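**Q** Below are the features listed in Swiss-Prot for this protein:
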| type | residues | note |
| --- | --- | --- |
| BINDING | ASP43, ALA44, ASP45, TYR46, ASP47, SER92, LEU93, GLU124, ARG147, GLU182, LYS298, LYS322 | NAD(+) binding site |
| ACT_SITE | LYS126 | active site, N6-AMP-lysine intermediate |
| BINDING | CYS427, CYS430, CYS445, CYS451 | Zn(2+) binding site |
| DOMAIN | 625-704 | domain 'BRCT' |
Amino acid sequence: MQDERPVDQLTEAEAAAELAHLAEAIAAADTAYHTHDAPRISDADYDALKRRNRAIEERFPALRRSDSPSERVGGALAEGFAKVRHEVRMLSLENAFELAEVEEWIERIRRFLGHVGDLRFTAEPKIDGLSLSLRYEKGRLVQAATRGDGETGENVTENARTIGDLPTELTGAPDLLEVRGEVYMRHADFAALNERQEATGQRLFANPRNAAAGSLRQLDPAVTASRPLHFFAYAWGAHSEPLADTQQGAIARLSALGFATNPLTRLCTGPDELLAHYADIERQRASLGYDIDGVVYKVDDLALQRRLGFRASTPRWAIAHKFAAELAWTQLEGIDIQVGRTGALSPVARLKPVTVGGVVVANATLHNEDYIAGRDSKGQEIRGGKDIRVGDWVQVYRAGDVIPKVAEVDLSRRPEGAEPYRFPDTCPDCGSAAIREPGDSVRRCTGGLICPAQQVERLKHFVSRAAFDIEGLGARQVEALWRDGWIRQPADIFELPNRYRDGLQRLENREGWGRKSAENLLAAIEARRRIALHRLIFALGIRHVGETTATLLATHYGSWAAFEAAMTRAEVGTGSEWQDLLSIDGVGAVLATSLVTTFHQEAERAAIDALAAHLTVEDAEMRAPVESPIAGKIVVFTGTLEKMSRNEAKARAEALGAKVSGSVSARTDLVVAGPGAGSKAKQAAALGVETIGEDAWLRLIGDA
């Protein structure tokens, strides 16, 4: 994030473009982590994206998107499980990586509450597993659900019943009680499971979290029962009567009901005690026998928790103090160039293998040519301007199951004669020119569909889980079928059963294929001839169109016929179809140009039409609008509010769908003015913006 411009220097157009990019990046990270159990970026990088998004939204409230990451929790649901709507949302936590961020969080709480006395907090290890909500009625477990997107999860009740330390009956519990916690796998059990997987020729799990998530989300409960899962309880959802008056008391009550709770939970006062317990837990981390990735702090007084309430996706009364990324030094042995589906040339460091956080690392991303040269995409120095050369000793870090990164270079150990790296200006796969367009941070191959690397990567994207998700057709199978000339574009996949009347026999004779796997693949292809509109749009692999944008486009146009017709008629920069495209919240000129250009390129359009001929595309589900008198409006508070704090008023407005701004402009819909209102009230009057008092505000939102 070192190439960011300060938020106060952004123009409105720049802010809108960056919010669109951030929405895509965060949505992709959410899906990778929550839906596919395969995180792609570190927690620190993820949190930096979220902070940047929040800062831009606060500076430009009118640009807040309908798909804002600030209002989203988790990822999309996997297919195969019944959906469960959470009576009380399962939210994520705000993250902190430095003590200063924890101190700032405490200060925000004090300001929100107007509280000057001592505040007490609980501090507990943050378990690196899968969140689970357990619903008990009359003491009996009746439902277990994953977090999903926070609003709706997956019904895994039968699987949860197989977890040994998870009680299925409670004595002395409220008539209704939802207990929430984390499913995890111990290190020793994880090692034994992977040994069994290897012995039976099955896929190995990358880490205990992935193993726990994959084991709980099995369609066959017998498989889950064979896996050694455990559960720590740490929270609750819906309940018919309170568990206690404090967080600590509620955890003690859960323990008395028979739930495993973490023995390292402590009651602390102030940041010094919190940090001391954080350090104590970090010292014990390696010997705990299960993975943790930080310490969670919560306001202990439940009455204060209720007053503090929630932001769109996180509670104000809790924060996760994450552990720093793990680091190691090793030597850079070479730099390889990989070509992605949009032609991006990505440099990858080939490293002398080194262990980082218990995982052997032999490759790491180098991002782009600027990063190698020691500068960001705007020409500003990073790493003190030190470039990266083959032979250098570099510092590598990773946090979670993500692509490792090179953080630093030790110039004192640079070999004599090490030459500056010259980034290629031609594609290593097809030889086409590789150009870097103004404003782009990467160099791209211009070969398009003639580039073998782009063909393969587009096909991999097409069959990925968020796209067509064809069972039995993963990256390795795509590479093999492409190499043998069976498939070149997505339509070829659907022509396999018809084009090769003896296709089943030919598949069966291939290495790694048997009769059953061949039958299953052809059946899976047939099953995917019917596809949801948003999945198809995402699967096309159009540059700048991620999962979130694909869903927005699908919702806007409703059907494939309407979408295809609009893209056909649209002209870049002009016409009603172009303006209609730009009117979609989250679609800017760059993204719109990419869409329209793709549909107007002859080869690209031919490939799209050939694919569509094989498909039945389901129309999009239309979302119901938020029902509130202030939904979608920009509200400004000024002066002194007497019946609630300014922060509480802001939180209430945002919960009802409004956007709260700190300044009055022509876009402002409503100003709420209390005693002492000054320049903002005058500015509102000059602009003709409606201004009301606090009592009228409370009546408007139904809180009078």
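Each Cβ is built from the backbone N, Cα and C atoms, and glycine gets one as well.
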**Q** What does DSSP call ASP45 (NAD(+) binding site) in the simple three-state scheme?
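**A** Looking at the DSSP assignment, ASP45 (NAD(+) binding site) belongs to a helix.
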**Q** Would you say which of the binding-site residues LEU93, CYS427, CYS430, CYS445, CYS451 has the most Cβ atoms within 10 Å of its own Cβ?
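**A** Result for the most crowded candidate: CYS445.
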**Q** Including all protein chains shown, what's the count of other C-beta atoms within 10 A of the C-beta of ARG147 (NAD(+) binding site)?
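**A** Other Cβ atoms found within 10 Å: 23.
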**Q** Fill in the CA-CA distance, CYS430 (Zn(2+) binding site) to LEU93 (NAD(+) binding site), as an integer in Å.
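**A** Cα to Cα, CYS430 (Zn(2+) binding site) and LEU93 (NAD(+) binding site) are separated by 46 Å.
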**Q** At the level of the C-alpha atoms, what whole-angstrom distance separates ASP47 (NAD(+) binding site) and CYS445 (Zn(2+) binding site)?
**A** 31
**Q** Show me the subset of ASP45, LEU93, LYS126, ARG147, LYS298 whose Cα is within 10 Å of CYS445 (Zn(2+) binding site); these are the recorded positions I mean.
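**A** The recorded positions passing the 10 Å Cα test: none.
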**Q** What is the total of other Cβ atoms whose distance to the Cβ of ASP47 (NAD(+) binding site) is within 10 Å?
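**A** Result for ASP47 (NAD(+) binding site): 18 neighbouring Cβ atoms inside 10 Å.
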**Q** Hey, how far is CYS451 (Zn(2+) binding site) from ASP45 (NAD(+) binding site), Cα to Cα, in Å?
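**A** So the Cα of ASP45 (NAD(+) binding site) lies 32 Å away from that of CYS451 (Zn(2+) binding site).
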**Q** Enumerate the residues of the same chain, CYS427, CYS430, CYS445, CYS451 excluded, that satisfy the criterion Cβ within 8 A of the mean position of the Cβ atoms of the recorded Zn(2+) site; list them in sequence order.
**A** VAL339, GLY343, PRO428, ASP429, GLY431, SER432, ALA434, THR446, GLY447, ILE450, PRO452, ALA453, GLN454
**Q** How many of the residues that make up the domain 'BRCT' (625-704) does DSSP mark as helix, as strand and as coil?
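**A** Once the DSSP states are binned, the domain 'BRCT' (625-704) shows 27 helix, 15 strand, 38 coil.
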**Q** Tell me the Cα distance separating LEU93 (NAD(+) binding site) from LYS126 (active site, N6-AMP-lysine intermediate), rounded to the nearest angstrom.
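**A** Just about 11 Å between their Cα atoms.
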